[in-house]
């Protein structure tokens, strides 16, 4: 029997001026999700089941950008995506273009368990959901007043807004003069992707990972980011489980999640060394973060952005919820 460990994230790249009450809400949500996962692991629930359980909780709360509260497309609708992976046999499932499924992570799990495929998208994924009898809602369920307002700002700025939780004065034009740090060409003060994810290793040494997101505010219809892409936003193997967040295009180019496992396997690096290596050498000029666990019960969070919503816990009693360095 080994040691269990768990980590959760709510996005890399945080507005330095994020209101204190919003910071506290994020910490409370991450703490609640960690506690949910810890209780399950203490009851010997498997890693893959804990990942699904925790991400469902994150999708249900509108605070972060997944499930209810997802970012809006250019047409004011929600198109969600998610992926999950079981490292034991490297089984995986992913979905994109989800518009009615209440919990996309569970649909991704069903793709893995109940289909002969690894990835379903748009109408095909929705048809599969109906056949599987998963809970569905009208697209309006996912839309919040905050997001409607931020979409209006994004359209007025003729831009994609990454952080749609900041006050109206933080629109692209105003923020451009306040911060010299850019991500995807946009000022850091308007960048906070807020994708969610969870990684778990259970007492049997089984690693699993899952990631879920609504994407970018004012994104083009049909845009797919890194979150549903196995090897980019999500990856799990016999050695580790990884979930990424940040600049989707940079994560895709670097196959960031897979690279953590690859350098552990091919270079013989430990988990901390592997995370440090890929964050430093694989992102080029991109900004991102990730959470990772190893089959030895280790847990690591790494990022090169100005912060990342994150929390982690281990069987020996360690627990941390943090945002900044």
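Using N, Cα and C of the backbone, Cβ positions are placed for all residues, glycine too.
TrEMBL labels come from automatic prediction, so no person has curated them.
What TrEMBL records for 195 is active site, nucleophile. The substrate binding site annotation in TrEMBL covers 223, 224, 225, 226, 245, 246, 247, 248.
With every protein chain in view, the residue among the recorded positions 195, 224 whose Cβ has the most Cβ partners within 10 Å turns out to be 195. The binding-site residues listed here are 226, 247; among them, 226 has the most other Cβ atoms within 10 Å of its own Cβ. Counting only same-chain residues at least 6 apart in sequence, those with a Cβ under 8 Å from the Cβ of residue 223 (substrate binding site) are 73, 79, 215, 216.
Cβ neighbour count for residue 248 (substrate binding site): 26 (other Cβ atoms within 10 Å of its Cβ, all protein chains included). Taking every pair among 223, 224, 225, 226, 245, 246, 247, 248, the residues recorded as binding substrate, the greatest CA to CA distance is 16 Å. For residue 225 (substrate binding site), the same-chain residues lying six or more positions away in sequence with a CB closer than 8 A to its CB are 81, 195, 213, 215, 216, 233, 248, 249, 252. Other Cβ atoms within 10 Å of the Cβ of residue 245 (substrate binding site) number 34 in total over all chains.
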